[in-house]
Amino acid sequence: MTPEQSPLGKPSAYTEQYDASLLFPIARKNAREAIGIGAQLPFFGTDIWNAYELSWLNARGKPQIAVATFFVPADSPNIVESKSFKLYLGSFAQTAFESMETVRDTIKRDVSASCGATVSVHLTAPYEFGKLQMEEFEGLSLDRLDLDTDVYHPDASLLTAALDEAPVEETLVSNLLKSNCPVTGQPDWGSVQIHYVGPQIDHAGLLRYIISYRNHTGFHEQCVEKIFLDVLKACKPVKLAVYARYTRRGGLDINPFRTNYNLPMPDNMRLARQ
């Protein structure tokens, strides 16, 4: 299925009775082929989704709530289109379930089937909400740089590195990532953390490159994979990890992580803008 066939950007009838058919899968393949990624992926990782508007009824009709977190493996053949995900989660609102575990297992089954891979699901109950603390990305802020730029479409030629010098290890951070939904044109605001080992990347060029996504249209996952691939090709790091966290829309935030070396999956930290 293509994004144009999805419910995104179209009037939708909201249902409050559970309906797994609302989930709309989109194949990762086409977007990856467009940037030169074939069947052999140059990375592994996960997409972390957080859903803040999940509610259902218990067996006695009393509303229940939870914050849901989903871990979608980067090698899954599909992603779930975000509006369909919102509609699907909304369909739980007037449906009775025996327990929170039943809700979790139902969501895990449905979303895994839609993505074509096993998706991990965690539900945070209200008594645990106090543990959901805000954090910020660790690393050197690129946003401190005072620079000029007029490039607002992705341009990998902005990326340079000291290829003839000794390798370094750095973690660089920017809150200036912005792209746009390819279906609705709505802005997607994000923060990005880039950790690498290799030739030192020119900081000003990297910041200009991140800013160059400002008028780009692409889903969150696609943007992060393009950033990963462009940095890998232009700057030739031995190790590279890219983690972006986007602000929520429709009660959902999406946070893709890609790496080419063994790392634990990143913390599902909530940034201030999320």
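Placement of Cβ uses the backbone N, Cα and C atoms for every residue, glycine included.
Taken from Swiss-Prot, the feature substrate binding site covers VAL80, GLU81, SER82, HIS220, GLU221. All protein chains considered, the CB of GLU81 (substrate binding site) has 23 other CB atoms within 10 Å.
The NADPH binding site annotation in Swiss-Prot covers SER82, LYS83, ARG249, GLY250 and rests on sequence analysis. Counting only residues at least six positions away in the same chain, the Cβ atoms of SER82, LYS83, LYS86 sit under 8 Å from the Cβ of GLY250 (NADPH binding site).
Taking all protein chains in view, 19 other C-beta atoms sit within 10 angstroms of the C-beta of CYS181 (active site, thioimide intermediate). In the three-state DSSP assignment, the secondary structure recorded for CYS181 (active site, thioimide intermediate) is coil. The active site, thioimide intermediate annotation in Swiss-Prot covers CYS181.
DSSP assigns ASP188 (active site, proton donor) to a strand segment in the three-state reduction. For ASP188, the entry in Swiss-Prot reads active site, proton donor.
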Seminar exercise, completed: Cβ contacts within 10 Å for SER82 (substrate binding site), all chains included, total 25
Exercise. Relative to the Cα of ARG249 (NADPH binding site), which of the recorded positions GLU81, CYS181, ASP188, GLU221 has the closest Cα?
Worked result: ASP188
For this session: Indicate whether GLY250 (NADPH binding site) is helix, strand or coil by DSSP.
Result: coil
Problem set entry | Residues close to substrate site centre defined by VAL80, GLU81, SER82, HIS220, GLU221, Cβ within 8 Å | ILE26, ASP47, TRP49, ILE79, PHE85, PHE219, ILE254
